[in-house]
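Below is one structure, written out as structure tokens; comments come after it.
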């Protein structure tokens, strides 16, 4: 049985029409769900798994804008459906995912005929926009060394001892170049905050710091 919070906003008639008119899709890890410059085919409702939405600039550097897990809605798709514009970022599956794709025509009908659905869509859009404003603040106004340590500290506070992540993947998380991340990680290793190995980061010193009650300002993802 298909379960997603947004479906609970619909009456029986519209819910049945949605389940009949929408397509259930499965995506393996690594698959691109949509790419920058592509038209929006509909609204994906994530049922399970994990999908990240990231943007790549002309410099070739990428940054993760947000992630979607079970019961999430694709904010970028909402914007594209409402404006008729193409995607300006791509969505990539991190963990095998399943989604219900509501086609454009059906989305327009639901927005027109269901006030509760319309409100839920706008609330979801507003919350994600607020998160993206925090991300812009981080990128524009925080030093990269501070952002990197805060990102790692957040994982340490969450109980993670070892991160299986490459320097390139971490650079995408922070929206910078791999070389910058590598240099800053080396400096953290010199200070005893982390231990580096191929494809892994041991949060040794950061775990000790988390025991003192230090908390990061914000972490995007």
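Any Cβ shown, glycine's included, is placed from N, Cα and C.
The domain 'Cyclic nucleotide-binding' annotation in TrEMBL covers 6-128. Across the domain 'Cyclic nucleotide-binding' (6-128), the prediction's mean pLDDT works out to 96.
As annotated by TrEMBL, domain 'HTH crp-type' applies to 142-207.
In the domain 'Cyclic nucleotide-binding' (6-128), the DSSP tally of helix, strand and coil residues is 47 helix, 45 strand, 31 coil.
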